[in-house]
Structure formats: C-alpha cells, structure tokens
C-alpha cells in the first residue's frame, strides 16, 4: 500500500480534480451527491497522502534524495518542460497537512452551505481548489508549480466571488485576482530568467545548477532573479504592500475563508520560497528582504487587527500577520521553523475560521463582534474550541502555536536580527491581545438580547473538535526536547535550536500580558468604557488603523485616476490621431485625388494630345541625357 | 492514402454545400443551416483526421496534391500541409463549424448568408493549404468579397456605421494585398532573372531567392511586412480591427479575428521569413518594437472601452503583438510560440465573439453599462464568457498560456527589457478582461433580463467545440507543440543556413 501510494502520488491532486469534473458534468442536479463526490475525492486524496507521508517519514533515504517521476509536457529544441511529482519530507508533509485540513473543511461545508442554491457548484470549486493546491505541493517543476499557483488564484477568484450578485463580492474577487496578477508578473519574470540562464525549471536540476551558479551567471543576475521570484509570494501570501486583497477575500463563504487562509492559498507563497530555498540561500540580500518583509508585515497587520470590528476581518489580518512570521523565519534562514509554524497555523487558523463561520451561521451573518457577547452559553462546542484556537495562536504552552512561534523567535534572535526580534516579540503581544479581544467580545460577557443563537449541527462541530485536538497536540512533533520536526524538515543540514528558556518564558509572559489586557478591557469592564476612552484619546491613531493606513484608498485612486486616465488617453489618441487624422485623412486625400483626376479627364482631345506630347518629350530628354541603362529601365517592357 | 485527395475534399466540402444551398428554396431556413453545418462538419472532421494522421517524425509536406497549371509562370495547383499550416487549417475548420452554429439565429436572408460564409471559409482554408504563391494570392483575394458583403448586409451599426466598417476592413485588406502583390511580382521577376526557370512554389521561390542581394531581400521583405503586417493588425496599421469587428456580424468577427488575420502571421513566417531570411533579420528589431507597441497600446486602449466587441477587438490587436514579437525573435522557440499562439488566440477570440454575439442577440446591447448580472440569468453563457476571458489573460491550464510562455522565453532572451514591457501586458489584460466579465456577468441581476433564455441546443456548439479545444490544448500542450515544432525546425534549419551564407550584418 505504502509503495503504491509513493509511486502513484499523482493521485493526490487527481482525485479532487476528478471530483470537480464529475460534479460539473454529472452530479450537479443532486446537491448531496455532489457533496459526497467532493468529500470522497478529498478523503481519497488524504488517504493516499497519509500513506505516502508514512512511506517518506519512515525512510531516512528521503532526506537525501527525493523521489521524482515526471512526464514530458511539451518540448522543442532548447526548451523542455516536464510535469511530475517530487516527494520528499517537505512535500509529503504539505500534502498530508493540506488534504487533512481540507477534508475537515469539506465536511464542515456540508452543514454550513446547506440550503445554498449554489451548493453543488460550491463543492466543484473547492474540489478544484484542493486539487490545484495539492498539485502545487507535489510539483517537480517550477512551471508546473506556476500553473497550479495560477489555478489556485483562479479558484480563489471564483470562490471569493461566489455570491457574485453582491457587488462587494464581485469587486473583492477581481481585486484578489489582479493583485496576485501583479505579483505573478514578477514571479513569471523570475522563472523566465531562470529558464534562460539555467536552461531548466526542474527543481532538482535547478538546485544543482544554482549551487554552482558562477558557471552560468553573475551574482547580480542571481540576486535579481531571487527578488523577482519573491514578488510572487508577496502577492499570494498577502505580504505588505500587496496584502490588500486578503481581508476583502472574506466576501466568500466561510469555509472558503478557512481554505484560503489556513492550509492553502496564502501559505503557497511561503511554500514557494521554501521550495526555492536553494536560490534564496545563495543570495543573502534576498534573504534579508524576505526577513524584513515578513517581520514588518507581521507587526503592521497586527496593528490593524486590534481595531477591526468584523470577526472574519480580524482573523484575516491575523493571517497576514502570522504569515509574516513564516516569512521572517525563512528570511533568517530557518525553513524548519517557518514550515513548522505553517503546520500549526493551519490547524488553529482553520479552527478559528470555521468557528467564526459557526457563529455567523447562528447569528444569520451578523459579523460585528461588538454586537455579539455571551455566545459560549448557547454554543459551548464552538466557543470552547475557539478558546483553544485562541490559546494556540497566542502562544500558551502546550498548545501548538507556542512551539512554532517560540522557535521563530529563537531563530530570529540566534541569527542576530535584534530589531526584527523585538518587532516579532511585540507582535506576539499584540496577537494575544487582539485575538482575546475578539474572544471576550464574542463569547463572554452579556448576551445581546437581539441574538437567538443555537449550536451548529454535528457535521459542523465535529470538524471543529478535530481541529481543536490538532491545535492542542499538533506542536508536540517539534518541541525542543523531542525535535522530530527539525530532523526531517530542513534545508541543507538539520539544525537544532537549543531550548532558549529566556525566549520561552518571555514569549509566554508577553502572551499572558496580552490576554490579561484584553481581559481587563473587554471582560472585567462590562461597559467597555475604558476601551472606548482609549480609542477616543488616541483618535488619530485609531482612525488610521481602523482604515488600514488608507492603503486601499491610495491603490484605488491610482487605479482609477492614473491607469484609467492613461487608458482613456490611448483610446482618444487611437480614434482621433491614428484613425481620425491618418487613416481617414488618407481616405479623404484619396477622394480629393480622385476628384482632381476626374477634373483632368476633360474629354477634350487637345488636352490629351498635349499630355501625350509632354510625355514623349520627357522620355526623349531622358534618353538623350542619361546612359543606356536608365533608358532600358523605362522602355524595358517594350524591348 | 495518396490516392484519395483529402485536402481537396476539405477545401471543396463547403463549396459543395454552398452550391446545394443555392438550389434550396430561400424559405427553408432549417434545411439551409443544416447543409451549411454538414459541409463545414465534413471539413472539420477531415482536417482533424489529417492532423492526427500527419507523420511528425517524417515532417515536411504531406497529403500533397500537385497539378501543373500555368506553365509559363511556373504556377502549379499545389496543395500540401506541414507542421505550420496544419494547425491553421484545423483552426479554420473548428472556427468555421462553430461559426455556422453561432449564426443559427440569422433569419435575414439566411441562404445568402450561409453561402457567403461557406465560400469565406474555403477561401481562408485555401491560403493555408496552398504551397504555391500564386494560388495563395488567389485564395487571399477570394476572401475579400464575401467579407465585404457580409459586413454591409448583416453587420451592425454602433460607434461607426456598418458601411464604414465594411469599407475599412476591405480597403485595408486590399491595400495590404496590393503591397504584397508588388512584392510578389518583384520577387518573381528577380528569381526568374536569377534562375531562368519560373517557379511559384514556396520552396522554389526560397531556393531562387537565396541568390538575391541583401538589398533586394530587404526591400522585398519590407513590402511583404507591410502587406502581412497590416493584415495581422500590426501597430500602427491596426485601426481596422476594432471597428471592423464591431461592425461585422458574429460569424465574420469569429472568422476574421480567429483565422483570417492569422494569414498575416502565417504568411510572415511561411512566406516572407522562409523566402527572404536576410530581409527578416534586417527588419526584426523593427517588428519587435511594433509588436511591443501593439501589445501595450492596444491593451491600454481596450481598458477604456465600454462596448464588448471593441474590447475583444483591441485585445486581439494586443495579442497579435505577441505574435510579432515572437517572429522577431527569429529562433525556434519564438517561432513555435508564434504559431501556437495564433492557434490559441484563434480559438479564444472565436469563443469570445460567439459569446458576445449571443449576448447581443438576446439583450440587444453590447454596451457594458447597460449589462450586468447575466451570470444568474444565463449561466452557460457566463461560463463561455469567462472561459474566453481567462484564456485571454493567459490562465495556465487553458490553451494560450504555454504559447505565451514560449514567446516570453524567446523574446526575453533576445530583446530583454523590451520584452518585459510586453510581458507586463498580462497585467493590463487581466484588468480589462476581468472588468468586462465582472460588469457584464456579475453584480445584481437586472430585472429586464429575467426572461432571457440561456444558450441551448445548437447555440451550445461553439462553447462545446471551442471550449473543449481551449481546455484540452491547455492541459496537453504537446498536442499543438509537437506538430508546430515539426514544421518550425526544418524551416529554421534552412533559414539559418541562408543567414550564415548571406549574412553581412
């Protein structure tokens, strides 16, 4: 079985893809059948992934040599692209994690999307989404990965715009696609440059060639390539300054938000950088760029999150911030810590999104946390699992997030990035604060009499419980005392971070402080008057943060004024200059010439004779004064 | 197989259909349409057969038919296909067949309409299977007449009148062909003078033209570049394209944008470049610059449009810029990309125009501010639209991604920064394609369109045929590239030989 799974890992993306095709063409009229098809596809894919992962993680040979098999996709002299599967610990971990979380999300969606008129279509889209993401994870070739990367983008476009009759959803979908497109432009240039310089986009071949890049190119070009490639992840993973699409992506149905923000799409950027670590590793400047982008985004997004009111928006900014952590870890050279955080984050963030969905489901899509309160009494399962998620993201031991965040802080300190370390530590405090602000406002305190919440059905709460368990124990695979994770997931050589107790204690203290502050402001103070007073006193800062530093407005202005203005100029030029003056002008000129010629055709014999005579005269003059060659040119036809 | 004249059958099937239609009473609408569909279906099925029966390992011209015709001019009725012309032939038939169904609701003088359409399809096919320059030009001129009549009788008047559009389309075609004709006659005279034996076949001309001086090659190529380039809507000779498509009826827009303008690209590669490689090398930088200008300029202009057909019109100018850029790279990868991209764009543009045709037929408008929310009322139409829009912006998994990728590889290598400008076009393309989709299909549904009927029955054929090719060609790009490559490699081998001999640059 394990051997079969290892050698047929292409089934992992294929099964959900088949489910997509089956739903579109066959089962669409029967919603339940469609849902079952989708679930069967993803669970089948999970089983194959789990077997393959078992095969990989029990055979240390995979640490040295990945299992690769590929077929030719297209070729011509000088350009061959293969598509295939590359199984190694990183990709095995990724497909296992993605298919597991996606399976839970799919099951949850059966309950959440019940009675939606687009039920079947929804399951076809999410199947395609899962297929694309799994393809991205096991690709053996960067172009193949780019294909999957764009398909993930397409699916997110379709899913964010799922309620396409709503203008907000329509605009959010478009924004997501175009923002990612801008980033993909950079990535594509990077890929093209690699293809031209190294003559291949196969991961294994590239890693060998880039290790000896001096034979192919200069350091400057390599730096440029790395920076270009990194632009892609900036867009896809919602890093500053291309993060703007991510919070708007909340317009999609909640399971989609979970799918996009937790296990898939947004971590694709982190995964891509991890996959091309052989490139970034050679270019310290690019690594610094990754680290600074990540560290800054982590803090930047966290500051926005503390003022937001919509439950899913808070989670969205939290995602941006957490992905910043992952980028930071990559940039300071620890792929181990970065992917570890990706792993734990997938569990607790999926848990919280699905929990938020459960709340929205109960409150009929009222999203403002200030209008909630006391929900834990009516919705205990949703509430307590959400609390576990909150403990995990805040970094309270022994929950999953503690181990991974702690490792990121430790490696940042160890690598000597002190400023980034302070920023990351402060972000940890902010994270605990805004997340517990959400929890206290939503689940504790007094109930809002307008709400009539009820616990969600078992098909929704069971995935929550499953994710809560994973959020609790998921980090135990990589504790400093039992570092299984770092023995398998690494770049170059396994790197053990010595348990740094100061960092550990410090991060727990920061987290606890954040939770305590939220407790004081939003739980003890029933009227929330202190929180309001704070917002009043720092009104300017509050307004800027609440409006997300006005970055959306700036982009919108640029798009509508500069780009559209330029477009209009081009168009006016086209109709008034190219067409109006040149083309139609030539047309007019021809007409005038025609008029002129018509006038010259007088019908009088003497006029014609005169012209004839002048012509003969001209020929004679020419013959008389030039050589025979010119003459033969003219009378050549007569000769 | 040598005995059965497949290519001739492909070529004549629509003509036979046209002749039959001429004898059907004009009221028998359904019968007329069925005959047209049958005729084009025979051509499509046979060209699919030829596509897969062609022996790529052997390469070269296959399914050859050769009948001497005008001995004094060295003209033979010479048909044959290779890896470059076969994709174009298949494209013509896929689009031709779909165009018949896209016009299923034409009830104004349908007999005349479908007769002209069938003749048009044959004319276009002829240019791709002809291996003799004279025959090529003959078919090329055959194309002009039906186009003009189709536009001015069945066209639509919006920003410009249909008469203006038809006039502009025709005059541009004729001016292009006039320059071409001058070039061809001069080329013919020169080669006859050089070799003494008249031969109008492409191969014969190419052989004879190797003896031409560099200067002759350069000015002859310039004439052909103008002729073929204006047909390919090369910037700044593109302005017929948006107006022409907007005025033309759906089927003509499909065929014109889908295949007819590809005659320009095909001729540029198969004739101008093949026969006059030194000239091509001289003009390559100019072609590249014009190509990039076309990409950026037309993409920006498309962004400012509010009429759906104008968007696709400008978009096709923009996409042809990629083809020019690819030709200008003058290497195997670029030329592969150029031919494959013509195929890809043909499928995509035809699907786009057929969809817009249906939208216009049902809502009586193409003006985007008057549309919106159609995805609710006509979901299948929305699928077709989005497929075409996504292919237009080069989504991987659809047919146009890999051709664009190869073009980018080739041109980035040769032209560097200039190519980056063209590659940036993918952002603008995404912007206008998605905007058009969003404002037409999504948002709140409009009550006045509640009673619209989605496409069904015969109306689904364009989506089924072109959509299938769009997806299959995207997932299995080797189906196209192996074919194209089998034609490009020998071509480049001959050219590079000539460039080394005659290259004094």
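Glycine is treated like the rest: Cβ placed from N, Cα and C.
From the options A:6-26, A:69-89, the stretch TrEMBL describes as transmembrane segment is A:6-26. A contact links the transmembrane segment (A:6-26) to the transmembrane segment (A:122-140), because at least 3 Cβ pairs that are 6 or more residues apart lie under 8 A. Helix, strand and coil counts from DSSP across the domain 'NADH-Ubiquinone oxidoreductase (complex I) chain 5 N-terminal' (A:73-123) read 29 helix, 13 strand, 9 coil. Among residues of the same chain six or more beyond the transmembrane segment (A:216-235), those with a C-beta under 8 A of the stretch's C-beta atoms are 149, 179-191, 193-194, 197-198, 209-210, 241-242, 245, 268-270, 272-273, 276, 279-280, 282-283, 285-286, 289-290, 293, 327. Counting Cβ pairs under 8 Å to the transmembrane segment (A:314-340), the stretch among A:33-57, A:256-274, A:346-363, A:384-403 with the most such contacts is A:256-274.
If you average pLDDT over the domain 'NADH-Ubiquinone oxidoreductase (complex I) chain 5 N-terminal' (A:73-123) in this model, you get 89. For the transmembrane segment (A:346-363), the list of distant contacts is 97-98, 101, 104-105, 108, 112, 254-255, 257-258, 261-263, 267, 311-312, 315, 318-319, 322, 372, 375, 378-379, 382, 385-386, 388-390, 392-393, 399-401, 442, 451, 453-456, 460-461, 463-464, 467-468, 470-471, 474: same-chain residues at least six beyond its ends, Cβ to Cβ under 8 Å.
Long-range contacts of the transmembrane segment (A:256-274) within its own chain (CB-CB distance under 8 A, at least 6 residues past either end) are made by residues 90, 94, 97-98, 101-102, 105, 108, 126, 129-130, 133, 136-137, 145, 149, 152, 156, 159-160, 162, 187, 229-230, 232-239, 246, 249-250, 280, 290, 312, 315-316, 319, 323, 326-327, 330, 335, 338-339, 342, 345-347, 349-350, 353-354, 356-357, 491.
Remote same-chain partners of the transmembrane segment (A:33-57), defined as residues 6 or more beyond its termini with a Cβ less than 8 Å from a stretch Cβ, comprise 1-6, 8-9, 11-13, 15-20, 22-23, 27, 67, 87-89, 92-93, 95-96, 98-100, 102-103, 106-107, 109-110, 119-120, 123-124, 126-127, 130, 134, 488.
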